[in-house]
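**Student:** Feature table excerpt (Swiss-Prot):
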DISULFID  Cys211-Cys220  disulfide bond
DISULFID  Cys224-Cys233  disulfide bond
DISULFID  Cys227-Cys240  disulfide bond
DISULFID  Cys242-Cys251  disulfide bond
DISULFID  Cys268-Cys274  disulfide bond
DISULFID  Cys280-Cys287  disulfide bond
DISULFID  Cys289-Cys298  disulfide bond
DISULFID  Cys302-Cys311  disulfide bond
DISULFID  Cys315-Cys323  disulfide bond
DISULFID  Cys317-Cys329  disulfide bond
DISULFID  Cys331-Cys340  disulfide bond
DISULFID  Cys370-Cys424  disulfide bond
DOMAIN    545-636  domain 'Fibronectin type-III 2'
CARBOHYD  Asn140  N-linked glycosylation site
CARBOHYD  Asn158  N-linked glycosylation site
CARBOHYD  Asn399  N-linked glycosylation site
CARBOHYD  Asn438  N-linked glycosylation site
CARBOHYD  Asn464  N-linked glycosylation site
CARBOHYD  Asn560  N-linked glycosylation site
CARBOHYD  Asn596  N-linked glycosylation site
CARBOHYD  Asn649  N-linked glycosylation site
CARBOHYD  Asn691  N-linked glycosylation site
SIGNAL    1-22  signal peptide
Amino acid sequence: MDSLASLVLCGVSLLLSGTVEGAMDLILINSLPLVSDAETSLTCIASGWRPHEPITIGRDFEALMNQHQDPLEVTQDVTREWAKKVVWKREKASKINGAYFCEGRVRGEAIRIRTMKMRQQASFLPATLTMTVDKGDNVNISFKKVLIKEEDAVIYKNGSFIHSVPRHEVPDILEVHLPHAQPQDAGVYSARYIGGNLFTSAFTRLIVRRCEAQKWGPECNHLCTACMNNGVCHEDTGECICPPGFMGRTCEKACELHTFGRTCKERCSGQEGCKSYVFCLPDPYGCSCATGWKGLQCNEACHPGFYGPDCKLRCSCNNGEMCDRFQGCLCSPGWQGLQCEREGIQRMTPKIVDLPDHIEVNSGKFNPICKASGWPLPTNEEMTLVKPDGTVLHPKDFNHTDHFSVAIFTIHRILPPDSGVWVCSVNTVAGMVEKPFNISVKVLPKPLNAPNVIDTGHNFAVINISSEPYFGDGPIKSKKLLYKPVNHYEAWQHIQVTNEIVTLNYLEPRTEYELCVQLVRRGEGGEGHPGPVRRFTTASIGLPPPRGLNLLPKSQTTLNLTWQPIFPSSEDDFYVEVERRSVQKSDQQNIKVPGNLTSVLLNNLHPREQYVVRARVNTKAQGEWSEDLTAWTLSDILPPQPENIKISNITHSSAVISWTILDGYSISSITIRYKVQGKNEDQHVDVKIKNATITQYQLKGLEPETAYQVDIFAENNIGSSNPAFSHELVTLPESQAPADLGGGKMLLIAILGSAGMTCLTVLLAFLIILQLKRANVQRRMAQAFQNVREEPAVQFNSGTLALNRKVKNNPDPTIYPVLDWNDIKFQDVIGEGNFGQVLKARIKKDGLRMDAAIKRMKEYASKDDHRDFAGELEVLCKLGHHPNIINLLGACEHRGYLYLAIEYAPHGNLLDFLRKSRVLETDPAFAIANSTASTLSSQQLLHFAADVARGMDYLSQKQFIHRDLAARNILVGENYVAKIADFGLSRGQEVYVKKTMGRLPVRWMAIESLNYSVYTTNSDVWSYGVLLWEIVSLGGTPYCGMTCAELYEKLPQGYRLEKPLNCDDEVYDLMRQCWREKPYERPSFAQILVSLNRMLEERKTYVNTTLYEKFTYAGIDCSAEEAA
């Protein structure tokens, strides 16, 4: 038999999640299901495009267990590109009887088609090879008696006996009746005489749809499309499975003569077309003849007036139209429909136009377009795009003209693995068409090396862009050189370059720049990622700016700018240029001041306006501008009344008053006036606060249970504000003992007093013993902390904190949000060190209850420890809120000790979190079963790194240096967000030089910090590189096995932490950039964050947590992690 008998991969959709589906159609053609002495075969054909997984043919032991066990000889059909077949020669006829399947897979989903073969000389023959019914139908399964024997007839289902008929009652038509068929009734039914065997059995297969007639869906509550020409509605998708010889969304369109398949592209090449081919499709269709043929062997032509598969359809053509046994009614022009019953434009099979065979695209966003004609025009739902892995995409945008429909699809990020054959598919009532095309996805180019700086001047630089070698695909269409000042928040500028050597002009003198190269390949979206960054500094020119610049208001229209005397090194004439501009208005003025002066009055200004001023010293060349100074002119009106006045934390003798003031009114002080209600005006008390930045104050020494009248004023150069109304303050009552005790109670008091004295004596003895024990500890601590009580390290006053730093001019005290001691409910100790403790607590803040972590110092903490602890509060107050730092909730002073409330991180510190993820150590069975070394993915680890970089970028913008950046000082909060913590060593200045001895985190410190005790944001970048190493190594100890002395020796010689085995080169390269010896060559935190965000977008495994052979974790040495 011709090898055309085939399995065709076409398109029944298997619904997956969202808007993506996996699509596959199967057709199995069984040549001569009734086996005689002739050759018979099964052939599978994959049409259209190559499936990702091979198709298979095998024996269906699920349907029939007791069939032959011999393996099938499956070969490639050489007549077609993608086809498999099994051929049985005549001499193997005895081994053919049984059930078979053909299976195909797309994206792991399997579609299986079943069929049977039986002997033509069987005692019974089935009425049909398969029978498809709906749930609830009444079913009669029929077998025709061919041979007469004096034996009982028996019927089996899937090889198991279910029914028998006595020998004298065996009818000519043997039937099995199934009232109200259910899905469990489906299966292979066989009939034979009791003395027969598999060789003499007849088979038929019953298919029961999961839903009732014309219904589909998981709950069978959707109405099926009207499937014509004996098409069957699929109970999972609602789509019509069209019989061989018909196509389209409703199976109305007839194929050309002797063609079949979803798009009618396959052809029966026999002399009589599709005669003797039994076509089997995926359930619930089953098997049938091609259109125009009938009979078990599909070798009988339809009688006149009938057409379609198995000739079950009757022609009822209107207007005297002819009936064709293959296509049905042949309608004249102007008429359409199954019976030519409708007038209208003749339907036209859709065609896909203007789609090239090959498309080259760049990785990134991609918007392919499918354009099709036909009548009726295809709709949005009828056009799809199939990816090489079988994913079906639906249009994101759609439009049509008079002759064409255009579907626009969106792939947000196409990558090289998406290269391959894509298919545009159109399926309408007029037919179906598919057009495969090849997409080649190119990798965007990126230079491997940073550009080199050949020469620099004060306003130019000569650059070798080093565009080759590069990573990715060419050819290169153009090249861009990107550059910008390092410390300015400006967008990157760029110039197009054609040569390798280029000159950058119009640069600012004595400015640090960073630059990189971006390559562009042909095609839309061809701009690659910028390459490595190079930094350089332009030369100086002119004189430095004046020193000691100070800007103060003089009057309502005058500001006074002063500076120290200038002594230029050259004899050239010089002058001071002052630039003044208004913040509120577009008003700018430049003033020239003789070089021998040390001040200038800026006149003709506007009252209550903020100005920005800068200055430089010019000779023949222009000097460098100073930093911007800002000041307000004095006010011309009375200041507005303080706003948001609140009275809180009221006790029997004190209360806290808070307020806010508006900028721009030259407010110099705040006055709080209070008196007992009802007393004379001259009996008030005035509290004058000369620091206008203070916004809260605690009134003390108030009388219990007393009503006070409180007024608050703002004062400026004009006068005091006028309060709109007074505020009432009522203190709480003081708890008192009863004033008089009756004589009858004296005896009771005496008894209780005696018992109390006894208890007091016992308690006193216990305290003395406890004090003696503690005395030993205090003596041990005395030498280290003998000066603790000489001068308090921290002073508190009603929401303000002052640090005694032993400098001539102490800065203004720090103002912090106050928590009431009674609003803190302590729970568990969650962390403890030598001199500090962290407790979990529930606090009440702004009326809301929340979890918090409370930090406090122990009794033996030194003055430096107290100062660092208070410094942490100072830092947190100045930093403000950010999602990637542990934020301050409030603070409380109780009995001379400071209690600091910060966000509670439920997952603890990052170091412990990483080490707990080492599942090979904690749960080896789980690790081996899942082939993983960590419970954390590459994406999660990179998210931790990006969170820390984002927080450190914020700190660097605020000009804060952390000085102790390590995984142990990162906390993991809600939703696994990493937050920077432990600001005890932080400093709010650009460069900090440590002058005192203390514990040092040597393994995380930069070279310049180890050698010179200098700390900058660049030294924090070094520490970040070590933290990144900790993340990748899942909590390993840096330089494990090395002493601190060895580090002091080896780091200046170029030694660095080795690359972890599970680390991608790109991540390790980022670490190495952080460990560059010259601080100014290290990347900024903003650049680090850009690199990490790009890695997260790539979705590549940058940190491999897969369990491979001989896997080992990085070493851990807890003793080495203690600060030196």
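Any Cβ shown, glycine's included, is placed from N, Cα and C.
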**Student:** Sort the disulfide-bonded residues Cys287, Cys331, Cys424 by C-alpha distance from Asn649 (N-linked glycosylation site) and give me just the closest.
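**Tutor:** Checked the disulfide-bonded residues Cys287, Cys331, Cys424; minimum Cα distance to Asn649 (N-linked glycosylation site) goes to Cys424.
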**Student:** Out of Cys242, Cys289, Cys317, Cys370, which of the disulfide-bonded residues is least crowded by other Cβ atoms within 10 Å?
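**Tutor:** Per-residue Cβ counts within 10 Å for the disulfide-bonded residues Cys242, Cys289, Cys317, Cys370 bottom out at Cys317.
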**Student:** Rank aside, I only need the closest one: which of the disulfide-bonded residues Cys274, Cys302, Cys311, Cys315, Cys424 has its C-alpha nearest to that of Cys233 (disulfide bond)?
**Tutor:** Cys311
**Student:** What's the CA to CA span in angstrom from Cys280 (disulfide bond) over to Asn438 (N-linked glycosylation site)?
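**Tutor:** If we compare the Cα positions of Cys280 (disulfide bond) and Asn438 (N-linked glycosylation site), the gap is 31 Å.
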**Student:** Going by Cα-Cα distance, which of the recorded positions (Cys240, Cys268, Asn560, Asn596, Asn691) sits nearest to Cys370 (disulfide bond)?
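**Tutor:** Comparing Cα positions, the closest of these recorded positions turns out to be Cys240.
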**Student:** Which of the recorded positions listed here (Asn158, Cys289, Cys298, Cys331) have a Cα atom within 10 Å of the Cα of Cys274 (disulfide bond)?
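**Tutor:** Cys289, Cys298, listed in sequence order.
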**Student:** When the Cα of Cys311 (disulfide bond) is compared with the Cα of each of the recorded positions Cys227, Cys331, Asn399, Asn438, which one is closest?
**Tutor:** Cys227
**Student:** As a quick check of your reading of DSSP, tell me how many residues in the domain 'Fibronectin type-III 2' (545-636) are helical, how many are strand and how many are coil.
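**Tutor:** Computed counts for the domain 'Fibronectin type-III 2' (545-636) are 0 helix, 40 strand, 52 coil.
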**Student:** Take the C-alpha atoms of Cys329 (disulfide bond) and Cys227 (disulfide bond) and report the distance between them in angstrom, rounded.
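**Tutor:** Cys329 (disulfide bond) to Cys227 (disulfide bond), Cα-Cα distance: 17 Å.
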**Student:** Considering only the recorded positions Asn140, Asn158, Cys251, Cys424, Asn464, which residue has the minimal Cα-Cα separation from Cys340 (disulfide bond)?
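**Tutor:** Result: the closest of the recorded positions to Cys340 (disulfide bond) is Cys251.
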**Student:** Cys211 (disulfide bond): which of the recorded positions Cys240, Cys287, Cys317, Asn438, Asn560 is the nearest Cα neighbour?
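**Tutor:** Spatially nearest to Cys211 (disulfide bond) by Cα position is Cys240.
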**Student:** I need the CA-to-CA distance for Asn438 (N-linked glycosylation site) versus Cys424 (disulfide bond), whole Å please.
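**Tutor:** Asn438 (N-linked glycosylation site) to Cys424 (disulfide bond), Cα-Cα distance: 11 Å.
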**Student:** Looking only at C-alpha atoms, tell me how far Asn560 (N-linked glycosylation site) is from Cys287 (disulfide bond), rounded to the nearest Å.
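**Tutor:** Rounded to a whole number, the Cα-Cα distance is 99 Å.
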**Student:** Distance between Cys268 (disulfide bond) and Cys287 (disulfide bond) at the Cα atoms, whole Å?
**Tutor:** 17
**Student:** Can you check which residue among the disulfide-bonded residues Cys220, Cys227, Cys251, Cys274 has the largest number of Cβ atoms within 10 Å of its own?
**Tutor:** Cys274
**Student:** Would you mind pulling the DSSP three-state label for Cys329 (disulfide bond)?
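**Tutor:** Looking at the DSSP assignment, Cys329 (disulfide bond) belongs to a strand.
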**Student:** With Cβ-Cβ distance below 8 Å and at least 6 positions apart along the chain, what are the contacts of Cys287 (disulfide bond)? List them in sequence order.
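**Tutor:** Counting only residues 6 or more apart in sequence, the Cβ neighbours of Cys287 (disulfide bond) under 8 Å are Leu28, Asn30, Thr115, Leu129, Thr130, Arg205, Val278, Phe279, Cys280, Leu281.
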**Student:** Would you mind reading off the Cα separation of Cys424 (disulfide bond) from Asn399 (N-linked glycosylation site), to the nearest angstrom?
**Tutor:** 16
**Student:** Taking Cα atoms as reference points, rank the recorded positions Asn140, Cys240, Cys251, Cys317 by distance from Asn691 (N-linked glycosylation site) and give the first.
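**Tutor:** If we rank Asn140, Cys240, Cys251, Cys317 by Cα distance to Asn691 (N-linked glycosylation site), first place goes to Cys240.
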